[in-house]
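A short write-up of the structure that comes next.
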Amino acid sequence: MEDKITIENLNLYYSDFHALHDVNMHIQKNEITAFIGPSGCGKSTLLRCLNRMNDLVEGCRIEGSVKLDGTDIYGGDLDVTVLRQRVGMVFQRPNPFPMSVYDNVAYGPKIHGVTDKQELDEIVETSLKQAAIWDDLKDRLNKSALGLSGGQQQRLCIARALAVKPEVLLMDEPTSALDPISTSKIEELALQLKKDYTIVIVTHNMQQAVRISDKTGFFLLGDLVEFGETDQLFSMPKDERTERYITGRFG
Amino acid sequence: MDKVVQKAIASDKRWRAVYIACGLLIVALTLLMGAFLLYQGSQTFIKAHHSIWEFLFTSDWAPLDKTGLFGGKVGAAVYIVGSLETCLLALIICLPFAIGSAVYMTEISPKIGEKYFRPATEIYVSIPSVVYGWFGMTKLVPLIKNIFHPAMGGYSVLAASIVLAIMIFPTITTVSADAIKSVPMSYREGAYGLGATRWQVIGKVVLPAASGGILTGIILGLARAIGEALAVSMVIGKTRSFASNLLSPTSNLTSAIAADMGNTAQGGEYNLALWTMALLLFIISIVLIVLIHKLANGKKDK
């Protein structure tokens, strides 16, 4: 298996606060990698390093390297807009733009230069199909996306991310605002998508990590405590802290 | 019952009555003013038997100025067009600067924006309009005269529009900035996450999402522009003819009212026609305000 993303000696500071300590990780292609850990442990922070969303946070400083297919994304060889097109993101709360379903999905391709109406139509259709929401939405393409249910909105956001043809999909607790049925649909979707994409998912829900991920990383107070095969990490954790967390005897 | 409690209840009732009376007084005053304007303004049509069409769409302005004597002409189109064209031109001049500034102080440099730019903009609002007019008369009008050499001097539609543009700039800017600031951060993150540049985020996500609020700012600005009398009358030239181009003088509703109101015979045709112009301004303002409320509610329904 080849590395899609390689994280080496990554340290991150928010002004004076040292939020991530010396993180090393190999994220492999066509796998689902899950980040788990208590609130404030740094798992979302690390996820946001992978497409440089932390650039938007004032006072954020990063040391070490993150490589995408061998190219350092902080090194200046990769433009941040290209990086974010290759590494897409789905957020904790569904955040469709206040426009029609169609315009939401077409937004990405449009800003990356696709102008042909027919090509846009095709991208919108395939993206919505990939996100398994085409049948629900094909008759409401021109309706406002804000009128959809939470689960539909989140799948629309996944379609929006897929429309720019990314290689990696980052999901930041994508189901934490959704009901169980919508959650299971998103999980099914993630399992289907891993054939074509590399997926990194942050989750509060340990069962979710067990259900869908190949590898899991457990974070605590800014440290990557343990990283390995999901089955192994949950059945035979190497670190005592991991064991205490996954068995609920934490704290 | 306890005496202290009884006293408190009595005082509560008294104050409640005072507040209700104050509230009612304000409502009554507004209604009374509207009713008065409606009565006075409609006399041109009722008492002097002119048609609304003549008032709005003809430009023959020769009302008789003697109490009880009717039969002149009350075509106010010159003033109406003067008001509309200066306001619209002011808006066109102002809008790029106002939206640019609003984007600057919220998206580009929020620190400087909040610390210096917004207070500076708000100070603009409190400058008396005679100062704007004075500036227009002594600096802007000569400038226009020296650059374009118009036949009638620098007093012109252009001068009036520029002065108005400066006057409505702070209103549109601050209201737009508030609207832009209230666009949820998640929209920006979503767009950045797709690889959008800052300009693509601002132009295609933030501004469209803030468009309702920006429109409210525009309407508020227009309402101020349409009602401004002093500053405009100082630079518009006050000639009773249509402006043949942007550099020629004309007049507008507020200038005409301000200039002639005190000199006309009470109850005369001239006097009544001016009241009708005031009524028209009042109606335009109400329409604009209703539009604002419609827009604000429309946003909430979504």
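Heads up, the Cβ atoms here are built off N, Cα and C, so glycines get one too.
Source: prediction; values computed, not measured.
Pulled from TrEMBL:
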| type | residues | note |
| --- | --- | --- |
| DOMAIN | B:80-292 | domain 'ABC transmembrane type-1' |
| TRANSMEM | B:17-39 | transmembrane segment |
| TRANSMEM | B:76-104 | transmembrane segment |
| TRANSMEM | B:116-135 | transmembrane segment |
| TRANSMEM | B:155-180 | transmembrane segment |
| TRANSMEM | B:201-226 | transmembrane segment |
| TRANSMEM | B:272-292 | transmembrane segment |
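Put simply, of B:155-180, B:201-226, B:272-292, the stretch with the most CB pairs closer than 8 A to the transmembrane segment (B:17-39) is B:272-292. In this chain, the transmembrane segment (B:272-292) does not touch the transmembrane segment (B:155-180); fewer than three CB pairs sit within less than 8 A of each other, excluding pairs fewer than 6 residues apart. Under 8 Å from some Cβ of the transmembrane segment (B:76-104) lie the Cβ atoms of residues 55-59, 61, 113, 117, 121, 157-158, 160-162, 164-169, 172-174, 176-177, 179-180, 202, 207, 214, 217-218, 221-222, 225-226, 232, 236, 240-243, 246, 250-256, 273, 276-277, 280-281, all in the same chain and six or more residues away from its ends. Here the transmembrane segment (B:116-135) has long-range neighbours at 101, 104-105, 163, 166-167, 169-171, 173-174, 177, 228-235, meaning same-chain residues at least 6 beyond its ends whose C-beta is under 8 angstroms from one of its own.
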